[in-house]
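**Q** Here you go, one structure.
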Amino acid sequence: MLPSQNLLHTAVLALTVLQALASDTFIAAVYEHSVILPNATDKPVSPNDALMLMNKNMDVLERAIKEAALQGAHIIVTPEDGIYGWRFTRETIYPYLEDIPDPAVNWIPCINPTRFSPAPVQERLSCIARNNSIYVVANTGDKKPCNSSNHDCPSDGRYQYNTDVVFDPEGKLVARYHKYNLFRGETQFNYPKEPEIVTVETPFGKFGIITCFDILFREPATVLVSKLQVDTVLFPTAWMNVLPFLTAVEFHSAWAMGMGVNLLSANTHNINASMTGDGLFTPEGPAAYRYDSKTEEGRLLLAELSSRPRLSPTYPPSVNWSLYATSIKKFPEEKDTFAKAVQRDIFTFSELGYTAGNRTVCQGDLCCHLVYQMSGKSKDEVYVLGAFDGLGGSLIKYHWQICTLLKCKSTDLNTCGQPVEMAQTKFEMFSLSGTFGTNYVFPEVLYSEVQLAPGEFEVLHDGRLKSKHGTSKPLLTATLFGRLYEKDPPHPLRTSV
């Protein structure tokens, strides 16, 4: 870089920092990337071919990052798997990995690319951040050699990690995070020996970083929020939507509200794999979000967010999630209940046989209470109140408590709990509560066509999830999604392969 260019860059960076310091808000961006995938192969490609594929994806990401910077964004988050995709074995992903150093080395790859082993991906990401004076969050792969004679070292003599990196507006590597909770099928990667708690101090708040499946677990997600008091969580993800409770925009918005932080959620976009949905979520609800299961294009989202949401006058008050429900004496438990699976989890359901009323359903230690009034109920639709208290998930189990007002797929009660995206019935009011054994409860309201309901519901201090003035669109589900982290089984054995 020429001296005059250096001076210009320094001036632009200084102005950016001063602007951030002078404001209680910042502009954040996320990009939902339609990833260019490698060809399926059982044999590793050459390093040159791997880099060629990664550069194609980084070409797309660079255009999005430039556009975000031009619109004033201070930071942009890009998706998990956004640089090389998926479809890998442990061997075939190796050409795509780089040795990513500890950020304590104080390294700007764009200026000094040969300081460590060849790292063209880190160099390019660094230059993109530096040339656009913006924080860049990206997901890539880290490799670390180890002595194969050690019992925990893989037989091929290396660890491989699903890794997030953060480059600051100077292009300096300021954060590296190894994903701790690997999703099923991520056999190409190793578990870190211990959960990594990674934060980034910026002029516009304290950031924490996690990846995809991490969001469902105590470590590192709740540790960042509850103990380290981060303001904003950076969240690269490759989220496969699972109705009725784990659709990306639905759960990620609910998590930000339940945890009281900003969540910058950047998803991959692949409708064949049911991957879509990203957004900029706040404690008050979504600032911007997108759910598109019909087109193949990526999308850039931007929004102005509070730098330190806990200091905001609109920050939601603390909630006692079981206060109201445990005080109820007058609603006897329903006798006409039935059991049906949501995915693999067996819920206890009770049909809402009337257009208005009170209902109570219990399972285990959880009782769920509902007061409701439907508006123009369709005769072709059935709604139920459901409760679940137990271990959820498939290969990796986790304990949750769920109270849900749910539309069934059809009038056949056997379809209750199956995925459904369309509804016709609106509600004049609903009030949902439960006897939760946890403070970690996430409120979800999902309308027909997988639309959120910003500003149309509220959570009272006594734990009730209530509609404000009726639903403006037909309702798919209203849910209180609780996590009992202390009842989770042990973390999967972090053995090497």
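For all residues, glycine too, the Cβ spot is worked out from N, Cα and C.
Note: TrEMBL annotation is automatic and uncurated.
Taken from TrEMBL, the feature active site, proton acceptor covers E80. Marked as active site, proton donor by TrEMBL: K179. The active site, nucleophile annotation in TrEMBL covers C212. Here TrEMBL flags 31-307 as domain 'CN hydrolase'. TrEMBL lists 1-22 with the feature signal peptide.
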**Q** What is the Cβ neighbour count of K179 (active site, proton donor) at a 10 Å cut-off, with all protein chains included?
**A** 27
**Q** Would you kindly give the Cα-Cα distance separating the residue listed as 'active site, nucleophile' and E80 (active site, proton acceptor), rounded to the nearest Å?
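**A** Rounded to the nearest whole number, the Cα-Cα distance is 7 Å.
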**Q** Between the Cα atoms of the residue listed as 'active site, nucleophile' and K179 (active site, proton donor), what distance do you get, rounded to the nearest Å?
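**A** Counting only the Cα atoms, the answer is 8 Å.
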**Q** What count of other C-beta atoms do you get within 10 angstroms of the C-beta of E80 (active site, proton acceptor), across all chains shown?
**A** 27
